[in-house]
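If you look up TrEMBL, you'll see D130, H200, S520 marked as active site, charge relay system. Residues or ranges marked as domain 'Csp protease B prodomain' in TrEMBL: 4-92. Positions annotated as domain 'Peptidase S8/S53' by TrEMBL: 121-239, 453-576.
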Amino acid sequence: MNLNKLSPLLQLVLLYEQYVSVEAFEEVTGQNILEQEWTVIVQYFEQLSEVNSRIPFSYNEISDRFAFVKINKDYIDALSNENSVFYIELPRVMQYIAIENSNAVCAPYSIHRPQSYNVTGKGVLLAVIDSGIDYSHLDFRNADGTTRILALWDQSIEGTPPQGFSIGAYYSNKQIDEALQQDSIIERLEIVPSVDVLGHGTAVAGVASGNGRASGGQNIGIAPEADLLIVKMNSRGTTLEDFRGPTNADVMRGIAFAITEATRLNMPLSLVAGVGLNEGGHVGSSSLEVFMNQMSLVWPSNMTVGTGNEANKERHTSGRVRQGEIKNVQIAIDAGQRFYTSNLYKNYVDGMSFVIIAPNGEKTDIIPDMNGNVAYVFGNTSVLINISTDPFTAQVQTLVLLLEGFGTATVDSGIWTIQIIGDNIIDGRYNIWSTVTNPVIRTARFLEPDPFTTLTIPSTAELITSVASINGKTLQILNASGRGFTADERVKPDVAAPGLNVMVPEAGTEDKYTFYSGSSIASGFVCGAYALFMQYGLRVNPQSYLYGEALKGLVIKYAKRPTQFDSYPNPAYGYGILCVSAVLEALKTIYNQ
């Protein structure tokens, strides 16, 4: 087994499968550990067909570097020894990063769109990779009642998947129109049985592109005439409290599908994905971020994500250990938890050792940072530890801690301690993030949390636009909004946008609205704005798309920077607050010249 090619979690599960519960594996990876075949994300150098002639597996290549491989877990060892295979990892469950406010405590924020530039997003494909959409809501239908959705891919149900993919069901706009002609919801769902049970995707789509038909034109999204492309990702549950989100693999599938559709339709693409996770070094090197960077260069597009809502959740801590010093990082874990995971990242050049101390005082041996994998059992808790070098950036080393209730027990509650020993220190900095297993209920917290570098992944990716969330009336940053900068000190977020009590279309209704908050809502503003800018460019020169880093540069340059808050760029707002009219005025000047 080539451990350098296996992700830390995959190493631990393969080596210590007897300690990993069905529940924990499903909550973290979205898969059943008891099944003999697992789906893994594989990065490779060449075509996998030659490898497949030697090792049995099925696979779906989604780019010239990434594939999803379904393989007997006993063959993962052999796969890791193939020269053309660079890295293998288990998918990771992500969380949606907006919440519904059924009882808004502040006056709701309504969406305002510049009227004087005659841009509506027409001719631009706007993709929402999220929890789906209520396609019957009037805000996503034309004046004649037909749908504005060009295609809908529901990954969570069985049917005919889109070409090039092996899961889910694809529905064309003709099929959606046929469903909308039916008299009852039951009859509609017999034709297009896709439902946004969470309402999250419907909310984000409404901010980005709702046309306001249900409100008589009062509550209009940013780009009301953009054509919609919807991906409902795999998920489970009906509320944020019991919801198991999609995996990063589902997001990657959705992005690949959107790029394929935009290419086929020959339309510029503005895409928003409303999910995030904590697992990763927060330097833009996770597989999802590498993939998004790669795909952003395949076709004229801009991709937008929120920075998450982790700043006040006490799931991040950081510090600096000196030569010969011992730092104690304490984690309070509530009773009743089946498992807990965290990820520590440090500079590879620093020599550190670690000790894990349980609430009852039991402790591990001193574990050097070149140790690999170890396992202990303390009381009712199994303690699994992996130390690996990040294959994507040689300067980063990670320690993954997985605590599992042994057998049917839960993790021993109380204060757990990660003891960090400075053996041979040059830099000494470290960051630790707890896994988000529930975005609403906090089950563990660091006793000395750090609200900075709490951006969720993939918002630390270089070539996407990362959006923080503000109160649209006071312009104050929201307490929960994920803060920068990245762990390698790049400026993220890029900009901020309204994300508190925004009125959005309500899933499960044709003509009602509700209020949502969070950085997914803020990212919907920016996604819609990109569609307006792209349309402006198309109108001036239909043969040359306006997109990518050049367009993001304009958004950053012409952001609003209220002087009462901070100097810019800063970890809360990035370069400032999205200002659509300023960018459009700049485009007008540029094209006139």
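Residue numbering: from 1, along the chain as shown.
Yeah, the Cβs are placed from backbone N, Cα and C, and that goes for glycine too.
TrEMBL labels come from automatic prediction, so no person has curated them.
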Do you know the mean pLDDT across the domain 'Csp protease B prodomain' (4-92)?
92
Calculate the distance in Å between the alpha carbons (Cα) of S520 (active site, charge relay system) and D130 (active site, charge relay system), and round it to a whole number.
10
What's the CA to CA span in angstrom from D130 (active site, charge relay system) over to H200 (active site, charge relay system)?
7
For D130 (active site, charge relay system), what is the tally of other C-beta atoms lying within 10 angstroms of its C-beta?
30
Which three-state DSSP class does S520 (active site, charge relay system) fall into?
helix
Within the domain 'Csp protease B prodomain' (4-92), residues counted as helix, strand or coil by DSSP:
33 helix, 26 strand, 30 coil
Determine how many residues of the domain 'Peptidase S8/S53' (121-239) DSSP places in helix, in strand and in coil.
31 helix, 26 strand, 62 coil
